[in-house]
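**Student:** This structure is in structure tokens; I'll ask about it shortly.
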């Protein structure tokens, strides 16, 4: 996959303020505030920054955490996992493999078949219905 690289100023001009804060500055949207938290529409969730496919709606589940949750990405190559030791916690951050947009975190408390919960900020996603 060819990387998409832009300066922070280029990203700022392309994204709205909340998208920029979350995707480029590793912010987090408020729980239960994102437009995809309760969405059940069939489709594919793409990266808001580069349009790379990230998650299939078939892998989405209601975790009750306040953010869209998925038990697996659309492909292992779609994202990169990074150890995150911010805020006094040890977590695993997930970023888009193509453009390095911060997406959220993955936790080992999800449902079968993977046991994983990808907890993703809605503002980082664009749902393309089937």
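Positions of Cβ are set from backbone N, Cα and C atoms, glycine also.
As listed in Swiss-Prot for this protein:
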- 119: active site, nucleophile (ACT_SITE)
- 47, 50, 96, 99: Zn(2+) binding site (BINDING)
- 8-130: domain 'MsrB' (DOMAIN)
**Student:** Taking the centroid of the Cβ atoms of 47, 50, 96, 99 (Zn(2+) site), which other same-chain residues have Cβ within 8 Å of it?
**Tutor:** 4, 48, 49, 51, 52, 54, 97, 98, 100, 101
**Student:** Take the C-alpha atoms of residue 47 (Zn(2+) binding site) and the residue listed as 'active site, nucleophile' and report the distance between them in angstrom, rounded.
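**Tutor:** Rounded to the nearest whole number, the Cα-Cα distance is 14 Å.
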**Student:** Look up residue 50 (Zn(2+) binding site) in the DSSP assignment and reduce it to helix, strand or coil.
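**Tutor:** Note: residue 50 (Zn(2+) binding site) is coil by DSSP, not helix or strand.
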**Student:** Averaging the per-residue pLDDT over the domain 'MsrB' (8-130), what integer do you get?
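**Tutor:** Summing pLDDT over the domain 'MsrB' (8-130) and dividing by its length gives 96.
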**Student:** In the domain 'MsrB' (8-130), how many residues does DSSP put in helix, strand and coil?
**Tutor:** 27 helix, 40 strand, 56 coil
**Student:** Which one is it: of the binding-site residues 50, 96, 99, whose Cα lies the shortest distance from the Cα of residue 119 (active site, nucleophile)?
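**Tutor:** Given the candidates 50, 96, 99, the nearest one is 96.
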**Student:** May I ask which residues of the same chain, at least 6 positions away in sequence, place their Cβ under 8 angstroms from the Cβ of residue 50 (Zn(2+) binding site)?
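**Tutor:** Listed in sequence order, they are 4, 96, 98, 99, 101.
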**Student:** Hey, what's the Cβ neighbour count for residue 99 (Zn(2+) binding site) at 10 Å?
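**Tutor:** The Cβ of residue 99 (Zn(2+) binding site) has 19 Cβ neighbours within 10 Å.
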**Student:** Within 10 Å of the Cβ of the residue listed as 'active site, nucleophile', how many other Cβ atoms can be counted across all chains shown?
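**Tutor:** 23, counting other Cβ atoms within 10 Å of the residue listed as 'active site, nucleophile'.
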**Student:** Tell me the Cβ neighbour count for residue 96 (Zn(2+) binding site), meaning other Cβ atoms within 10 Å of its Cβ, over all protein chains shown.
**Tutor:** 24
